[in-house]
């Protein structure tokens with residue numbers, strides 16, 4: 001892609017998210033979401049491949065539907081209350097419609113059907129943007145609206161997302177689909193606790209983005225899109241294989257890695273709110289997610305490549321423009337658990 005065009009598209013992504021962050025008027029917020037959507041579509045279709053065209057079409061139709069529903073919710077609220085302010089959504093019907101629209105935008109179950117198929121049709125770089133940056137603007141709206149939203153609806157969407165995310169990833173062999181179901185499961189944890197402790201939702205979102213960034217960068221360096229190709233790719237760099245192992249275990253929420261922190265705090269908050277059954281369900285569903293993370297760990301570090309030409313490996317890897325980003329994100333993905341007491345006092 002032309003560097004000038006690429007710069008404009010990346011800048012538009014930043015502009016759309018910024019408008020949604022700073023906007024207090026529904027039309028301004030909706031405009032930011034639309035700019036965000038229209039900016040990523042050329043990036044998605046730049047591969048000029050039938051799967052990319054299919055994924056782009058599905059994404060556009062889904063996001064257009066969600067944006068239309070969100071605009072309808074804001075207009076309905078303005079019609080009944082006379083207010084266009086984001087935090088003045090007093091109409092319960094409008095709040096429910098806005099929740100459903102934002103759930104469709106980020107891919108919460110049962111509105112998750114588009115996410116695995118779209119992510120499967122993209123390259124790893126665009127998939128990284130879709131899995132991380134595109135989640136920021138909808139969550140900015142949710143974090144402002146959470147006192148006005150129905151807590152039972154949020155709890156239902158969150159628990160169902162953890163169930164679908166755990167079960168859906170079990171029989172997958174494509175890495176991008178596994179990461180899509182991982183995204184659905186992690187979003188479920190965030191939405192489950194949103195009404196009761198929004199700070200924990202923000203903490204979980206930050207750590208999820210950090211760990212997902214590390215995972216996508218590692219798969220991009222390995223040039224792997226399937227489970228059976230990880231072993232041959234990771235054999236070239238044992239150091240990166242170890243980093244991938246720890247990052248995947250952190251995504252699964254195993255102590256003493258960073259991913260354990262948000263799950264621990266969320267379960268603690270759910271029990272404080274006397275939500276014992278939801279806490280038990282999401283904890284059990286985390287085991288399903290952990291199973292397919294362990295499958296990836298097994299393929300990454302515990303299998304040997306049968307091809308003798310790749311048996312010689314080096315602990316040193318050639319630096320590239322991803323090295324500093326990968327080093328920083330991997331460190332944060334693995335070693336943040338000791339900060340839990342400090343973060344707990346803030347939440």
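Cβ coordinates are placed from backbone N, Cα and C, and glycine is handled just like the others.
Heads up, TrEMBL stuff is auto-annotated, nobody curated it.
Bear in mind that the values here come from a model prediction, so they are computed numbers and not experimental data.
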Residues flagged as transmembrane segment in TrEMBL, choosing from 19-37, 38-56, 57-75: 57-75
Annotated stretch (transmembrane segment, per TrEMBL) among the listed ranges 239-255, 256-272: 239-255
Among ranges 134-152, 153-171, whichever one TrEMBL labels transmembrane segment: 153-171
Outside the transmembrane segment (153-171), six or more residues from its ends: residues with CB under 8 Å to it: 96, 99, 103, 108-110, 112, 116, 146, 177-178, 181-195, 275, 278, 281-282, 285-289, 291-292
Confidence summary (mean pLDDT) of the domain 'NADH dehydrogenase subunit 2 C-terminal' (290-343): 75
Close approaches to the transmembrane segment (57-75) from elsewhere in its chain (Cβ under 8 angstroms; 6 or more beyond its ends): 26-27, 30, 33-34, 37, 40-41, 44, 84, 89, 94-95, 97-98, 100-102, 104-105, 114, 117-118, 121, 130
Sequence-remote partners of the transmembrane segment (202-219) [C-beta within less than 8 Å, at least six residues beyond its ends]: 124-125, 127-128, 131-132, 135, 139, 143, 175, 179, 182-183, 186, 189-190, 193, 225, 230, 240, 243-244, 247-248, 250-251, 258-259, 261-262, 265-266, 322, 325-326, 329-330, 332-333, 336, 343, 347
